[in-house]
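> Annotations for this protein, taken from Swiss-Prot, read as follows:
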- 1-25: topological domain 'Extracellular' (TOPO_DOM)
- Asn5: N-linked glycosylation site (CARBOHYD)
- 26-49: transmembrane segment (TRANSMEM)
- 50-57: topological domain 'Cytoplasmic' (TOPO_DOM)
- 58-79: transmembrane segment (TRANSMEM)
- 80-100: topological domain 'Extracellular' (TOPO_DOM)
- Cys97-Cys189: disulfide bond (DISULFID)
- 101-120: transmembrane segment (TRANSMEM)
- 121-139: topological domain 'Cytoplasmic' (TOPO_DOM)
- 140-158: transmembrane segment (TRANSMEM)
- 159-195: topological domain 'Extracellular' (TOPO_DOM)
- 196-219: transmembrane segment (TRANSMEM)
- 220-235: topological domain 'Cytoplasmic' (TOPO_DOM)
- 236-258: transmembrane segment (TRANSMEM)
- 259-269: topological domain 'Extracellular' (TOPO_DOM)
- 270-289: transmembrane segment (TRANSMEM)
- 290-314: topological domain 'Cytoplasmic' (TOPO_DOM)
Amino acid sequence: MDVGNKSTMSEFVLLGLSNSWELQMFFFMVFSLLYVATMVGNSLIVITVIVDPHLHSPMYFLLTNLSIIDMSLASFATPKMITDYLTGHKTISFDGCLTQIFFLHLFTGTEIILLMAMSFDRYIAICKPLHYASVISPQVCVALVVASWIMGVMHSMSQVIFALTLPFCGPYEVDSFFCDLPVVFQLACVDTYVLGLFMISTSGIIALSCFIVLFNSYVIVLVTVKHHSSRGSSKALSTCTAHFIVVFLFFGPCIFIYMWPLSSFLTDKILSVFYTIFTPTLNPIIYTLRNQEVKIAMRKLKNRFLNFNKAMPS
């Protein structure tokens, strides 16, 4: 964006999900509860994995990083939306809008690569178990996580740099509860067809391609598991099922929004709520409900906490 344009446009108005006061109060309560649940649930996973030595394995190291990303993804816009519903203040500065775009694509891009790393971990564990220790070493796990963040930063920087080149001519109303390129593009004084192609090529195709790779890897894993009836295979099937549910819930909305960036705003708003608020809340539930090791570790952590409180002098 040129300097003259930026000086005349200093903020956007976030229209949110509804203009109805009753619905806004409803959203305020629901999203407040979901946000607290997201932070508590994912924090419990992180603390449990750190405290319990039985969970010091590559799979749970990656799961811990997924929980950290989910907490970050839920925090880049949800707290502002909650306070906006309470105060009625719905504006965001131009720099604040760019910041939201940056962090949204940073966390989603990082999560996409991390989910692929988790899929690779399960593929090696189930399809090539004899090579697991040598292939998925602690160094490899750290490298996968670092690579995820680096690729997330590169992707988000490309989105922000492109947004900086856009001229805006008003009205400066973002038809969503946070800034993202599909809705911000609608305010630009340029051909939206070209902008749509940019979104599809830099986000939509990447998300779709990664989902196809993940889907194929889980199909291979499930076919491998089908030929075994051991308890270990049953455990592997349960873990992979949980992973795939997470992948589907996260990728589905992203693919729709970025493969069809000029689609209905109402549909986009609903899907945006899903992958920025609901999915980070559901991930801890999905993993703990289908994972006996995590549930046992959490019970131990709870008992240690209760015993510590009993031992404290009154």
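Cβ coordinates come from backbone N, Cα and C, glycine included.
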> Is it true that the transmembrane segment (101-120) and the transmembrane segment (26-49) have 3 or more CB pairs under 8 Å, sequence gap of 6 or more?
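No, the transmembrane segment (101-120) and the transmembrane segment (26-49) are not in contact.
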> A 10 Å Cβ contact count, applied to the disulfide-bonded residues Cys97, Cys189: which residue has the minimum?
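Across Cys97, Cys189, these disulfide-bonded residues, the one with fewest Cβ atoms within 10 Å is Cys189.
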> Look up Cys189 (disulfide bond) in the DSSP assignment and report helix, strand or coil.
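In the DSSP reduction, Cys189 (disulfide bond) maps to coil.
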> Any chance you could find the range in 26-49, 140-158, 196-219, 236-258 with the most Cβ pairs under 8 Å to the transmembrane segment (270-289)?
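The stretch with the most close Cβ contacts to the transmembrane segment (270-289) is 236-258.
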> Is it true that the transmembrane segment (196-219) and the transmembrane segment (236-258) have 3 or more Cβ pairs under 8 Å, skipping pairs fewer than 6 apart in sequence?
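Counting Cβ pairs under 8 Å (6 or more apart in sequence), the transmembrane segment (196-219) reaches the transmembrane segment (236-258), since there are 3 or more.
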> Which residues of the same chain, at least 6 past either end of the topological domain 'Cytoplasmic' (50-57), have a Cβ under 8 Å from a Cβ in it?
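Non-local partners: 64, 293-294, 297, 300-301.
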> Using a Cβ cut-off of under 8 Å, list the residues of the same chain at least 6 residues beyond the topological domain 'Extracellular' (159-195) that approach it.
1-2, 5, 9, 11-17, 76-77, 80-81, 84, 92, 96-98, 100-102, 104-105, 202-203, 257-258, 261-262, 265, 268-269, 272-273, 276
> What else in the chain is close to the topological domain 'Extracellular' (80-100), if you only count residues 6 or more beyond its ends and a Cβ gap under 8 Å?
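Beyond its ends, the topological domain 'Extracellular' (80-100) has Cβ neighbours at 6, 9-16, 24-25, 27-28, 31-32, 35, 160, 163-164, 174, 177-180, 184.
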> May I have the DSSP-based helix, strand and coil counts for the residues of the topological domain 'Cytoplasmic' (50-57)?
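Counting residues by DSSP class gives 5 helix, 0 strand, 3 coil.
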> Please indicate, using numbers and ranges, the residues of the same chain that are 6 or more beyond the topological domain 'Cytoplasmic' (121-139) and have a C-beta under 8 Å from a C-beta there.
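For the topological domain 'Cytoplasmic' (121-139), the nonlocal Cβ contacts are 58-59, 61-62, 217-218, 220-221, 224-225, 233, 236, 239-240, 243.
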> Go ahead and report the DSSP secondary structure tallies for the topological domain 'Cytoplasmic' (121-139): helix first, then strand, then coil.
16 helix, 0 strand, 3 coil
